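**Student:** Structure provided below as structure tokens; questions to follow.
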Amino acid sequence: MGAAILPDLLTEILIPATAVVGIAFALVQWLLVSKVKLSPERESSGAGNNKNGYSDYLIEEEEGLNNHNVVVKCAEIQTAISEGATSFLFTEYQYVGVFMAVFAILIFLFLGSVEGFSTKSRPCTYSKDKICKPVLANAIFSTLSFLLGAFTSVVSGFLGMKIATYANARTTLEARKGVGKAFITAFRSGAVMGFLLAANGLLVLYISINLFKLYYGDDWEGLFEAITGYGLGGSSMALFGRVGGGIYTKAADVGADLVGKVERNIPEDDPRNPAVIADNVGDNVGDIAGMGSDLFGSYAESSCAALVVASISSFGINHELTAMFYPLLISSMGIIVCLFTTLFATDFFEIKAVKEIEPALKKQLIISTVLMTGGIAIVSWIALPSSFTIFNFGVQKTVKNWELFFCVAIGLWAGLVIGFVTEYYTSNAYSPVQDVADSCRTGAATNVIFGLALGYKSVIIPIFAIAVSIFVSFSFAAMYGIAVAALGMLSTIATGLAIDAYGPISDNAGGIAEMAGMSHRIRERTDALDAAGNTTAAIGKGFAIGSAALVSLALFGAFVSRAAISTVDVLTPKVFIGLLVGAMLPYWFSAMTMKSVGSAALKMVEEVRRQFNNIPGLMEGTAKPDYATCVKISTDASIREMIPPGALVMLTPLIVGTLFGVETLSGVLAGSLVSGVQIAISASNTGGAWDNAKKYIEAGASEHAKSLGPKGSAPHKAAVIGDTIGDPLKDTSGPSLNILIKLMAVESLVFAPFFATHGGLLFKYL
């Protein structure tokens, strides 16, 4: 079998050291962003500097850099957005905190009752000749790791929101000096979030494992079973963050668009629109805080899935620490690779024109993937024995270290394929979105038909990419191969998040420019940044959905093993009914979230109309709208409406497992995975395509686009309606579905001991 080249001691130093480097790099980027002052005093430094293709001096004169009022206005708007986002998140966390406390008690009671809260040591589940820690310990430590995961998820989302609201106005002010400077500010801010999240997730998981090990000692099977609670906590918070934030942002967005752009014919982000502050707050609580928690959840779950399988393979049985920590070493290498990749965007290359923005962001994905492939090879060579065994449904499968390298690498490259296919279907540089825009000539109905068709078609290649990854990974290293393939897809999470967060920051920057009354040229620059961000955000969602499919399958495999199910037979009625119900759940969940956005948007539309009709001088710009009422409508609606979809996802595994047993639950998990992935991809891409079709017409960058415009034309109004329909699809239902399929799988794994012992009450007594 052989041993790993990397000594255990060095592994224990390298993992936390890399996390600290990631946090330090994030702080350096934050300090660089903070050099842009949000005060009217003119900075003496930097005059005459022509980096990024612009002479500051010329632009200063041209754009009136010394216009103190503009800077003061930007600062005021930024404060309003930041306060709105902070207030919403605190309210959301209070409600979710209660839910989490109740769920933590449930975890303790369910797991503790497996053997009547026994404090006696017991034979291990997989190695009957060994003695493991008592059931009560598993209940206590699973509950603790659940709370740790939930807390880390909250911190990830909150820090991301704070960074984004700190950077938005600074990006606007830098846009006066040129598009290159604005790009660097927005991207650096995104990098702060990406590196903080990746490093914090790794560090907290590593510290948790080491603290739990003080009690568990050599019982690695029990230790890593308890650690799965970390993934459950992370995803639970992500669900509420995504759903709550998604409802908030889209209620405000739909209300602002329908009344402002369609009915009143005023520009997007016009300060006269009462919903405009709520709309900009929504970008931060949905697209930033929600997305941060979501990707943290994926990272935590893929790590936990890999660690659980490894603990019952030769790594865990023989207590090979370095090989056991292979998933954490992959994440550590990811942080280092992303650090160098980020420097390509901020320091090595300069953005000199608008058309260079999108290629620069795409280069980030390509560079990080290429470098990471080499990184995976190094980690696989030094951290793994040349040959080892992996648990495969009751038997040990012999695997070589180069096979595991291929598992991680195929996940990494499948992520890139899914990302670029998503970009092809959602960017207005390509024919699919241009066809959708062209269909607006004949009205909103044809636009909707073309958009739906595009979404369905965009599912084909990503599903093949996921299928190939699953087949290759499973052939090489069973369920462990699938878990590390998911980790491969998420290994460049710091870069992926930086690109993702860049979009909402640029969107906010454009909104602030419009509200502060800055010149048309600055708005053009922020629009160009935003358009590129829209496409890359769609790429980020593609990554999140693809990794969710692999993660949930790996967790499903771990659940089947833990629940001692020999085979999942689709022809068994118990399994088949579960399959049908599971496939229905994403539709039920989508219906709830879509309806929530619709009813919240209805209240918002009525309020915006009321203000336009009842406040004298609002349309003329002589009176100020009541922004606070719109913010309150979005907050109240999202807090109220996020509970039912969240409860559906959290309670389904508990009810099915307890009443119908593990076989039916395995059917539910398989059904929800298969249908959820398809709906998530089509919903996200349909919404993204409608959004960019509208922007294509607004930008008028080609003769074809000019023939459909300008803003306010009949095709443009049809495009706005399509965009409005797509808003809840791409920002609420679609992104939340990937959490649904992961969360149900990890929850089933955590509660598997209870379901295996006491589950299936209905079938026992029927």
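Positions of Cβ are set from backbone N, Cα and C atoms, glycine also.
What TrEMBL shows for this protein is this:
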{"type": "TRANSMEM", "residues": "13-33", "note": "transmembrane segment"}
{"type": "TRANSMEM", "residues": "95-114", "note": "transmembrane segment"}
{"type": "TRANSMEM", "residues": "134-161", "note": "transmembrane segment"}
{"type": "TRANSMEM", "residues": "182-209", "note": "transmembrane segment"}
{"type": "TRANSMEM", "residues": "324-345", "note": "transmembrane segment"}
{"type": "TRANSMEM", "residues": "365-384", "note": "transmembrane segment"}
{"type": "TRANSMEM", "residues": "404-426", "note": "transmembrane segment"}
{"type": "TRANSMEM", "residues": "447-472", "note": "transmembrane segment"}
{"type": "TRANSMEM", "residues": "478-499", "note": "transmembrane segment"}
{"type": "TRANSMEM", "residues": "543-565", "note": "transmembrane segment"}
{"type": "TRANSMEM", "residues": "571-589", "note": "transmembrane segment"}
**Student:** At least three Cβ pairs under 8 Å linking the transmembrane segment (543-565) and the transmembrane segment (182-209), pairs spaced 6 or more in sequence?
**Tutor:** no
**Student:** Using a Cβ cut-off of under 8 Å, list the residues of the same chain at least 6 residues beyond the transmembrane segment (324-345) that approach it.
**Tutor:** 6, 11, 14-15, 18-19, 21-22, 25, 29, 184, 187, 191, 194-195, 198-199, 201-202, 205-206, 220, 299, 302-303, 306-307, 310-311, 315-316, 360-361, 363-364, 367-368, 371-372, 375-376, 378-380, 383-384, 404, 408, 483-484, 487-488, 490-495, 498
**Student:** Sequence-remote contacts (6 or more beyond its ends) of the transmembrane segment (447-472), Cβ cut-off under 8 Å?
**Tutor:** 406-407, 410-411, 414, 417-418, 421-422, 425-426, 432-433, 435-436, 439-440, 481-482, 485, 542, 545-546, 549-550, 553, 677-678, 681-683, 685-687, 689-690, 693, 718-719, 721-722, 725-726, 729
